[in-house]
Every structure is written in structure tokens, then in C-alpha cells.
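Inspection log for the structure reproduced underneath, given as C-alpha cells.
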Amino acid sequence: RRPTTPRKDRSLNGGNRQVRAFIYHGLQGILKRSRTFVKIMYSQRRFSCPVLFFVAVVIAQCYCLSLAGASDSRRYIVVFNKDAHPESVVEHVTKARLLLTSGKLIRGSAGKHRSFVEFRHAFRGFSAEMKDEEAQLIASWKHVASVEVDGIAQAMYTTKDPVNWGLDRIDQGVEDLDGQYVSNTTGCGVNLYVVDSGVKLDLLDFGGRARAFGDYVDDNQEKRAYDCFGHGTHVAGIIGSKTFGVAKRANIWSVRVLGCDGTGSNSNVIKALEDILENHQKPAIVNLAFATSLSTAVNKAVESLISAGVTVISAAGNDQSDACDYSPAASRKVISVGATDATDSRVSFSNFGSCVHVFAPGDSITSWWLSEPKSKTGTSAASAFVSGVAALYLEANPDASPHKVKYVIEQAAAKDQVANPGDTSPNLLLNLVRTTESDLANAPMSGKCSYACARSCESTKRCIWGECR
């Protein structure tokens, strides 16, 4: 059909001027990097609409390709061989920095996007954002042991709301619950590093024993190492709060690696573990109440801590599968904990297998969720109970090695008490009384704990929950 629009309205000086202006301003809005290019072309000559349309399509395609290329990069963790010479490691690190900088992936150390993080203590290595082909290139270098995609660590809780029963279960053998919790010790002088979403440090129930160790999440939270999610406070509450805690006088150190959504990167976890390795106070326990996909780097960092004399306790995971497929539960020498309910059955979601070392209460456990008590379910709670019992043991045995702590907890556990523990899982249920009766009951109270907890109890009495009894 012949056009009905008058010819003059279809000329360069007619209605097409408005169309050109529309395309021009649209391109300005979406093509900031190409703004000068588009503006110069437009200002030099007048083009008809078909030409402008062609230019717009070409530039938009280039722009989309540019974005697609940028999104191909992701964070990797690189681990060097343990026996690599220090000079070779430095050479590789320098080489990697140059490679990634030339690829314009390093965004500097300031601000939110800190891309290149070097690990020197737990193991030699680094993490950085890079493209897959760059990761493959680095993996081929002589002294590189492994290269893996940086995973996501996630808190191990689901929600339920009945009453608390966990404390009642762990302080006795196979008997029925008796409605009370009794312990001869309080964990006084033991340092618990809660590597989690942070801790509500000003919660009165911690009695001033909760302090900030470090914050490894780049989310501009105003308060350092302060919990904005709730998970870390819940775990810390089970370990050491006055109301819900196992070790009611232990020191709580907040190590924030999970953000306000309960997730965080493996590289941040590794950096936190490195700092704990360098700056911890003994006797020390690290609680890792999260799980991530199997990670060589995370496992190496955990094993370095254990080799340095720090007991590490981990949640087994909430995926109803083999715990050996998850880190840090699969790490050698760690104490990995599965979850049971009030009937001493493995909770259906709890991971199982040979990488689980003991079970503990983990179903509907009440503790502090920020400023109010809430009941939560997960292997995170189970790991917190074991951390608390380990603190009671270390109070009277401060020089005990992580291996000894693990051995005592396993040997003292109630045998064949867990229903449906899962294939290849050890049938062991946490037992505070047996853990303490052989090694703790006859151990003398330290002068530090006698003063801090009971202000010099008589020799015939013991410090129980801060009182001479």
C-alpha cells in the first residue's frame, strides 16, 4: 500500500527528527560507556532512521556482549602445595596479581569489592575473582595444589516452636528426662569462637562475656561483628548464655562470616579462621554451625586450626545425606555433629555417615534469637551443645589436645541410644555426665575460675553456675 502520510512529514527535517531524538536519548541512557562514540557520530552527520536503527542494534549488541563477558567471572580459591618453597609461592602470587590485574578483575582493596585475598597462615593460597579460563591457567602452574569455585556457607537451622529439652537430655545417661540441668562446671576461662552470623553482644544473658573478634562480611553494618540475622546469637546462647547455655561462664567471641541472610562465602570463612589461628586465646574452641559444598580449602583451614591446638566442632548439615560431601564436616579431626529429637531419634533432615562423630539434641531447641527466645531446629544447635560440653571439659583440662577432647566426647557418649542414625553413622549420643565424671569430677578448680565464678569456694565445695555448692 502507498503511504498516506504526507511526504514532508517523512523527510529528515520532519517527524523523523523526533524518532532520531528518541533513539539518541535512549542510547544515552543505556550506553554510558559508548556515550561519546554515539554523540560524536550523531553530531557529525545526519543519518536516516534505518541507519540510526542499525547503529543502535550494533552498539546494543556490543554492550550486551560486554555485560555477558563481565558476568563470566566468579570467585575462586587457590591452594598452593604444602611443600612449595616460600619464594616460589611469592612468585606465583605476584604472577597471579599481574594476570588478574591485566584482566581488569581486581577492583582494589577499598570499598565493598575486595577481590584479591591472600592466605598465609592456615595454608598458602589466595582467593580472587577470575574467569574460568584464567582459573584453568592458574591450576596448571607448577606449585598449585587445587583451584576451586568459592562456595556459599549457609546456617543450619529450620524453625519450630515447642519447649526446650536439650539441656535436660545431655546431663544424664539413658534415663528419662528429669526436668533439670546440672553441671559441676561452667566453662569458666574457656574461649568459644562462634564463627557465624555474629552475636548480639549486648544481650544481658551473656553477662558481658560476649565480645567482638572480627567481621568478615562487606555489608557496611554499623556495629562490628554484631548479629543482624539471629543464627549466631542462637548458637552462642546454647553454648554459653545464663538461661539456655551449657557452659554458662565461658567467653564468647563473635566471628561474623555470614550476612543478614544467613549466608557467606568460603573465602571469608577461611580468612576468619586464619585470623583465629594467629590470635586465639587458649583453651580455645571454634564452633562452625554451617555447611558448604565439599571444599579442600575450607578443610585445610580447619585442619590448620586443629594442628595448632584449637578444638573445632562443626554441624553435620541439614540435607539428609552423607556428611562427607560437605565442609567443614568432612574435615579430618573435626568433631562433626548430627541432630536428634526428644525421642533420641535422628532428625530426618540431619546428615549422617562416617564423617559424623556424635549426635546431640537439635530439634526444637530454645535459645536467644537476637533479643527474644525462639525454638529452632538444626544441626547447628546440636554442634552448639557439643561445644558447650567441650568447654566444660577444657575448663579443668585446659591443656588437653583437640584429639583428646574428641576422644573423651566419643568415649563418654551413650552407645546405641540413637534410633535410625543412618548408614555408617556411629551410634553415639552426647553425654555430659560421663564426659565430666572421669576427667573433670576429680580435677581441682583453677584459681582463676574459683575467683571469677565463686570468689574462693571452700575446698569441700564446687563452683556450680557461679555458686558454691
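Using N, Cα and C of the backbone, Cβ positions are placed for all residues, glycine too.
Automated prediction, rather than curation, is the source of TrEMBL annotations.
The transmembrane segment annotation in TrEMBL covers 51-70.
TrEMBL lists 75-153 with the feature domain 'Inhibitor I9'.
Among the features that TrEMBL reports, domain 'Peptidase S8/S53' is placed at 189-416.
Marked as active site, charge relay system by TrEMBL: Asp196 (among others).
Feature annotation from TrEMBL assigns active site, charge relay system to His231 (among others). In this structure, His231 (active site, charge relay system) is part of a helix by DSSP. Neighbour density for His231 (active site, charge relay system): within 10 A of its CB lie 26 other CB atoms from the protein chains shown.
What TrEMBL lists as active site, charge relay system is Ser380 (among others). For the recorded site, Ser380 (active site, charge relay system), the DSSP three-state label reads helix.
On a Cα basis, Ser380 (active site, charge relay system) lies 9 Å away from His231 (active site, charge relay system). Residue pair Ser380 (active site, charge relay system) / Asp196 (active site, charge relay system) shows a Cα separation of 10 Å.
Counting other C-beta atoms within 10 Å of each candidate's C-beta, the active-site residues Asp196, Ser380 are led by Ser380.
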